[in-house]
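Undergrad: Look at TrEMBL and you will find 1-19 tagged as signal peptide. What TrEMBL records for His71, Glu128, His132 is active site. Per TrEMBL, domain 'RNase T2-like C-terminal' is recorded for 278-392.
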Amino acid sequence: MALRSLLLGAVAAGHLAAAASVTCSASAPLSCHNTTSYDTCCLNYPGGHLLLTQFWDTNPATGPSNSWTIHGLWPDHCDGTYDSSCDSSRAYTNITQILQAAAPSTLQYMQTYWKDYTGNDETFWEHEWGKHGTCISTLKPSCYTNYQPTQEAVDFFSKTVALFQTLPSYSWLSAAGIVPSSTATYTLSAIQSALTSRFGYAVTINCNSNKELNELWYHYNVQGSVQSGNFQPADPVGSGSTCPSTGIKYLPKPGGATTTTATTLTTTTTSAAATGTPLSGKGYLNVVTGGTQTGCIISAGTWYTSGTCATFTATASGSGFTLTSSKGKCAISSNALTCASSVTTATVFSYDGTYLTYGGSSSFYATAVPSGTTQSTVYTSSQSVSLKITWQAQ
Ligand SMILES: *[C@@H]1O[C@H](CO)[C@@H](O)[C@H](O)[C@H]1NC(C)=O
Ligand SMILES: *[C@@H]1O[C@H](CO)[C@@H](O)[C@H](O)[C@H]1NC(C)=O
């Protein structure tokens, strides 16, 4: 009976996680809740209490002015103590190259949302990986079948980004009226309740010595592996919030570009973003299908899922904006998006607070989801695949 359910669980998990190299039984225990010993490739141990931590840096500012940024993913012990720098042989010093080769869209996202306040992102990523990532038991090379060097670091960064995208702190706070201000102050209980009502559990809320809100820690236990397991929100353990109970400042980020992010799009249905806001400046056009980011638009205006996203420049025009890539102006021509030097009149697009719109509609289409080196034309007329396009400011 036990064997049978274990096998069925393994088969089911295997189907779901075709691309993952660690397959864990659906009956693997929840970390910090196991009552017997279990394979540490499928039970995070001893670091079973995972924290997704976020920064609000204002001096100097990092990241978009309307988003928190990623600090890291930390495997604390169940009592809040933790191990660090667990495997110097895997303290990689080429995180950018590793991700460029294996997960370019994760890298691109990190270049906006996982920022070092001194400007040295690579060193910061190396530190987070080497100090914390190498202590995650389910990421040990021996847990992988056909392990390829550095693939566990790719899993670490991809998972951290994916978790961060489910935790839009800026939107959660702003929906409760807690917005950056150089004059307002907030109470700890108001901030806690704004976040707890969304996350489901208390969040560790940290301030610097000037009572300025600067860090949030979201706590989880994990059933199965970090790579493909189920992250379950949990109560904090360890040191408590460092903010005072009243008089907390939440300072604006000076000079940051405002962006509506892929982070907020899936969760902010009652978005505070104004509708019809024109976009301006440089950014990426990400493609969303079925609520998930699936590649992006490249310089010719086509949709691609496996390469580097093109930078577009949005310039205010009329009630909206035009878009330009390195290939030239972008236009809707014969119901298809094209960016080329031959385009003489750029089309005016709009933005509904979440998605790019054309002619009042945020729906775009393709005849197929591209894969490998294939590109798909993006149409404004109905085709078999429906997609939406988001703006990620650079
Ligand atoms: C939980 O699993 C770990 C790893 O197998 C083991 O060392 C630990 O003793 C287990 N805890 C309990 C209470 O059985
Ligand atoms: C990164 O460095 C590791 C060794 O530290 C090496 O195995 C790997 O091939 C390098 N990856 C890239 C993409 O350069």
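Start at 1 and count along the chain as shown; that gives each residue its number.
Positions of Cβ are set from backbone N, Cα and C atoms, glycine also.
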Undergrad: Does DSSP put Glu128 (active site) in a helix, in a strand, or in coil?
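TA: Looking at the DSSP assignment, Glu128 (active site) belongs to a helix.
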Undergrad: Around Glu128 (active site), how many other C-beta atoms are within 10 angstroms of its C-beta?
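TA: Its Cβ shell of radius 10 Å holds 22 other Cβ atoms.
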Undergrad: Once the chains shown are all counted, how many other Cβ atoms turn up within 10 Å of the Cβ of His71 (active site)?
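TA: There are 22 of them.
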Undergrad: For Glu128 (active site) and His71 (active site), what Cα-Cα distance in Å is obtained after rounding to a whole number?
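TA: That separation, Cα to Cα, works out to 8 Å.
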Undergrad: On the DSSP side of things, how many residues of the domain 'RNase T2-like C-terminal' (278-392) fall into helix, strand and coil, could you say?
TA: 0 helix, 60 strand, 55 coil
Undergrad: In sequence order, which same-chain residues at least six apart have a C-beta under 8 angstroms from His132 (active site)?
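TA: In sequence order, Gly72, Leu73, Trp74, Pro75, Tyr82, Ser84 meet the Cβ cut-off.
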